[in-house]
Amino acid sequence: MSVAMSLLAMVAQGPRYGYELRAEFDRRTSAQWPLNIGQVYKTLDRLEREGLVEKSASTDADGHVYYAATPAGQDASRTWLQQADPLPSAARDDLAIKLAIAVTLPGVDVAALLRAQRHAAISRLQELTRQTGGGPVLTAQDLATRIVSDAALIAAETQLRWLDQVSARVRDALARGIPLTVPFNTERPRRGRPRSTSPIPSKEPR
């Protein structure tokens, strides 16, 4: 959603073509999340189907097709830039899934896996620290770069603290003799959606 609205917000400033939008998105976000041109045009096509942009009927001398925001697109862009985003929910975290599976399977050296992951997290944190630097913010481009780099840096610091917490939990479990394995269920699963493991409260009689 943020990619689509970012492209729409730039188109709302004036007609733009696909490669221009990709370059501007990467420049304004320090290429932290680089777009491929196929993604850009797929997003523009979706915005067009939703009535938020319209493309020019002809091309310029270089063969570029321009996209312009419709009145509805202008309104949507203004709303997006004025309203707060909802706080992220517990989105799927591939590393959390990997570690959760690792501590439930026999024969996995969880301690070694955590050491390797912690080393990678420290290397990433050091790289981001070097990239961020401490120079003054002199332009809007500097500010945009700092916003993106700060977000990445804080996320890396948070992941490192989380890995330390996971390591502490694993050590505590082993110290208390908890086997790091979960037996496979011998009951054959039935078709359909799995049943909830949460108890369903009974209805009080009236």
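Cβ coordinates come from backbone N, Cα and C, glycine included.
Because TrEMBL annotations are produced automatically, they should be read as predictions rather than curated entries.
According to TrEMBL, the compositional bias 'Low complexity' annotation covers 195-206. Annotated domain 'Transcription regulator PadR N-terminal' per TrEMBL: 7-76, in sequence order. The feature domain 'Transcription regulator PadR C-terminal' is assigned by TrEMBL to 92-169. According to TrEMBL, the region 'Disordered' annotation covers 183-206.
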Averaged pLDDT score, the domain 'Transcription regulator PadR C-terminal' (92-169): 88
The domain 'Transcription regulator PadR C-terminal' (92-169), counted residue by residue under DSSP: helix, strand, coil: 62 helix, 0 strand, 16 coil
